[in-house]
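Encoded as structure tokens, the structure appears first; notes follow it.
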There are 2 protein chains.
Amino acid sequence: MSTPPREIRLNAFAMHTITHQSPGLWRHPRDRSREFKRLPLWLDLARLLERGLFDGIFLADVLGPYDVFGGDARAAIRSGAQLPAHDPMLLVPAMATVTQHLGFGITASLSYEPPYLMARRFSTLDHLTDGRVGWNIVTGYLDSAARALGLDAQRAHDDRYAYAEEYMDAILALWRDSWAPDAVRADAQGYADPDRVQVITHRSPNLRMQALHLCEPSPQRIPVLYQAGSSSAGQAFAARHAECVFVSGPSASVIAPRVAKLRTALRAAGRDPAAVKVSALATAIVADTDAEARALLDDYRAHVDPEGALVLLSGWTGVDFAGIGLDDEVRFIASEAGRSAMENFTRADPSRAWSVREVAAHVGIGGAGPVFAGSAATVADAMEAFVDATGIDGFNLAYAVLPESFEQVVDLLVPELQARGRYKTAYTEGTLREKLLREEVLS
Amino acid sequence: MSTPPREIRLNAFAMHTITHQSPGLWRHPRDRSREFKRLPLWLDLARLLERGLFDGIFLADVLGPYDVFGGDARAAIRSGAQLPAHDPMLLVPAMATVTQHLGFGITASLSYEPPYLMARRFSTLDHLTDGRVGWNIVTGYLDSAARALGLDAQRAHDDRYAYAEEYMDAILALWRDSWAPDAVRADAQGYADPDRVQVITHRSPNLRMQALHLCEPSPQRIPVLYQAGSSSAGQAFAARHAECVFVSGPSASVIAPRVAKLRTALRAAGRDPAAVKVSALATAIVADTDAEARALLDDYRAHVDPEGALVLLSGWTGVDFAGIGLDDEVRFIASEAGRSAMENFTRADPSRAWSVREVAAHVGIGGAGPVFAGSAATVADAMEAFVDATGIDGFNLAYAVLPESFEQVVDLLVPELQARGRYKTAYTEGTLREKLLREEVLS
């Protein structure tokens, strides 16, 4: 008996900003990113993604400008590279008004907000969305954010994860234990039963809290927990807490061992390795024919702002690429860290020489993930191969042009994947967690 | 030449909770408060208020349970007295999707959130609402909130206002000075001009910040600033910063001197006293006839939960009313603080003796403000007299039954006020601030 093909799940990857993963593309004549700060774009996008049966929209966030490139934020300001960075959470209630099933994965750093208030925000959203929220737990990685919040620099990496563990203890206790499932009575006795609501006391080296949770139990009680860190501490954290993990890298050969390592860590932590859904960053450029898709990709690449791409790359790697000429060959970059960071992306085609400009143009469409360009059949082939080679559950799809990139996926790619029996044909009912844990309806 | 009659402005006063100002009324058969945690109630309410040309909806908030009564939160939990208290800000983007003019006044405490993140939330909302947000600046008054956030108790009252001044310096600088009005270019040079975006450095005794504002300039740049404190420090703060002030008290004779004092303080601070809009808490019960309105009010009062009312009263006054019998006469209460707090409310009719239960039933509809019950003509008479006696600009209307109380106002009272030339007949265009500063269109 052959096992049925694995379902491929899709999430949209976006951010409340002018430039997320494709710097310069806001200048493309069909791109709507300039409307990022107002609601209509997001309502249209939410409706489109639900029509395409996406699991959810995943909203990235940063709390400071990318200021590694050139040592300040000037290039980020000029290129709009993830700056402005408006609050992502405030988009969700509006998108919830026009959808019934779409999930909302929201990035929020635990470094600067007490668990008591964070718990309230997520429980409030879980009620307002009828149980469709997820929390992408980050600890922050920008010194600029730490300075904005009154510190000289961020905590050291491993200290951030130690604090994150204390934080999770406190916030999970608020969600799980403060209100019993049947605490709300709304009967002749009163609204809630005082014997079923309790104060949570938390005392750990860096965190004190003595609190009732301010919200009554929400449909999911705890938002679906997402994690995206790739460090050892991040992976250990994910093995303990995450229900969804995002990975990013330029090719299946980079991703496969990370997924295997994560599944091993899950097993070691006593969890079912298959219970965690893993999504890989990717961008799909889909057209009626391969030739049209290639022409689209060439058009998009021509709109990339190379400096904006290097701003992001500098922020992600910590290497300042400002001093390096765009036409220099990557293999001759003097700094070993810089060369190594760049060469990671040349693995997309190791057979030829790459200039800095070419890496920037490559990274400039969809960031650190692969780009699948072609007809629906070609892209579906590539995705199936990627999924089968890596053991991921699906993709976190970045965009080149907003919302055109998602329109291509919904209108062309999704029907192709459905025809292959690798994509759901309807949402199942229930909360986001229930949708993620159940097998969806394949045709 | 006679001056035209003053326009009367209306705001709705609500909270993201089961019980705001009228404890026990969630049990009324027509009340929809039990739907407080989901979106449809709020979307319906926003549409209704905009149909009634309300200036805005004003969302209260507290960050902890009322635990003065009986020394713990049990009675607040049982009665649902402002507990649960879900996040108010997250309602606003959803209500913005179904309205074009309604303003949103959001209560947010500056004691527990850094100015950098608070500035981002409000700027994000100001963009998403096209310039319709206001911030009700509070410093918090509950020890339970402080403990939830890792402190032993809240800061002393005057220290809270000293910190508030430091905070305002920092957050206003982010809003005013970080991005020049023309910083966003979105042209061939790039998205924004690095020479027109600057880091704000703030160093004061209790606050350090070195930050770019994360948001580009929003329609209002600074949310309309609301203040509701009645202490000396609160009034001084209002005189410096507030554009709208909320006052509450049981009668015009209590309110009038407060308004006069505020206008004097504004003059002393070099500001136009008329530029600040003052709204008084009140509740309107409107029906076709006075007799029907009185019957409605009797029905509502029969649903009041007296213990819930005392929970709120204990929280507001700091006096624990748990040990006092509901049938005791107020004038015989042993504690002077308790007697004085109660007697404040018996001023509604000083000619007779009041029991604790009667005060609770009185406060239990609409809290500390007056209740105007009658036909539209009767209520309009009472409101006109109150406005003319106090110099306020309008009312912050609490509800007995949600949304029935607001339906009565929109369908019966507003047409009566319009016929008297004391209520606008259309919104003016523009942001919330522009609407508040301009005279509205009276018929």
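Positions of Cβ are set from backbone N, Cα and C atoms, glycine also.
The record from TrEMBL ties A:THR107, A:HIS157, A:TYR161, A:SER230, A:SER231 to FMN, and of the options A:ASP55, A:ASP61, A:ASP288, A:ASP290 it ties A:ASP61 to that site too. Among the residues A:ASP61, A:THR107, A:HIS157, A:TYR161, A:SER230, A:SER231 said to bind FMN, no two Cα atoms are farther apart than 19 Å. When the binding-site residues A:THR107, A:SER230, A:SER231 are compared by the number of other C-beta atoms lying within 10 angstroms of their own C-beta, A:SER231 comes out lowest. Under DSSP, A:HIS157 (FMN binding site) is assigned to a helix (H, G or I) in the three-state scheme.
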